[in-house]
Amino acid sequence: MGPWRCLLLLPLLAAAPRAQQQQFMEYVERRLALLEERIAQWHDQSSRYSTELRDFKNQVLGMLETAEKEREALRAEAEGAAARVDRLEREVDYLETQNPAPPCVEVDEVLMEKQAATAKQRKNEKYTKLTDCSDTIASVRAMKILKRFGSSAGLWTKDAAGSSEKIYVFDGTANDTVYVFPRMREFTLFSATRRAARIKLPYPWVGTGHLVYGGYLYYIRQQGPFQVIKFDLANKTVVDSSVFPAEEQIPVFGLSPFTYIELAADEEGLWAIYATKENEKNICLAKLDPDSLDIEQMWDTPCPRENAEGAFVVCGALHVAYNTRLPSRSRVQCVFDVSGTLPPEEASLVYFPKRYGSHSSMKYSPRERQVYAWDDGYQIIYRMEMKKKLEV
């Protein structure tokens, strides 16, 4: 090939790279244009999403503001309703005080004749008091709900005769273990029983009629006939036991079918509240010797078993609390004074504040003048307002 032909090919060889460069630039421009288009779309979408999010935020803030206003309105209505309910309860209490219901006592002529015929045999006579206590309950001065603990039915109490601050708890209606808290503070603050000592009794207890009195635990055992067991809390031993001398016993309270004997203490000493088929409509009362567990005296009271939920003794007078099958307000509606100094018609009709359900136990403390009650799993203290019997 001659030199002149090589000169002709040089422009062609130089034009080839320029064409490739042009194609590459066009490709890059197309890709950049596509990228810019996508960036623009993303920017539009982001702007739209930001606008929607801002609108949604404003909508939620508006809804929250409206809900807050409605909540404040409901709270104000609830407070107003609570105030009206409190005012209504005070008015009801006033009306009940001014117009008390008639005592829930049936006049059973047959029972009265039977009592008269068996008065000597049953020692159904006036009681010679051991103390000069002449107080009776005028009203419930205050109520304190401590906590909710254990089963719906149970018993909690202090030593009715001693100075100990220990709290004794019987959880349920049948068991063999008693929980002991050192003070009220431990019982109130701790929901579990880890701060409580456990006393495992040699025989299981039944019902909620047990009592701590003078360092001893008096509790009810059922093995065939009912027995009263006297248990020394100091050395953890049984020191005495006695078969309760009543035949064909039935639940003493119509609304508490698990309790057959209710042991109670007052300023006069130890008592047993019970019922039998022989006198199945009414509640019976017996005075016990705390040392020997002997029956000192017995009475057939005019207080009916029907709708009774609990009872306690104050200054030698049996006070029976009544309720309804559908729990409402409990009230002491029958009082039987063994000394005869307080006629039933002159006793105050005492109403307890409305609570949760029905009392499964009510233990009067003569030292503190208050009642320890167990109400549907809640432990409650009722502080009593007292007055002299002659002033009733």
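Heads up, residue numbers simply count up from 1 along the chain you see.
Positions of Cβ are set from backbone N, Cα and C atoms, glycine also.
In TrEMBL, annotation is done automatically, which means it is predicted and not curated.
Taken from TrEMBL, the feature signal peptide covers 1-21.
Annotated coiled coil per TrEMBL: 25-98, in sequence order.
Mean pLDDT for the domain 'Olfactomedin-like' (132-388) in the predicted structure: 90. Here TrEMBL flags 132-388 as domain 'Olfactomedin-like'.
Cβ neighbour count for Cys133 (disulfide bond) (all protein chains, 10 Å cutoff from its Cβ): 18. Positions annotated as disulfide bond by TrEMBL: Cys133-Cys315.
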TODO: Give me the non-local Cβ neighbours of Cys315 (disulfide bond): same chain, 6+ apart in sequence, Cβ-Cβ under 8 Å, ordered along the sequence.
DONE: Thr131, Cys133, Ser134, Asp135, Thr136, Asp266, Glu267, Glu268, Lys389
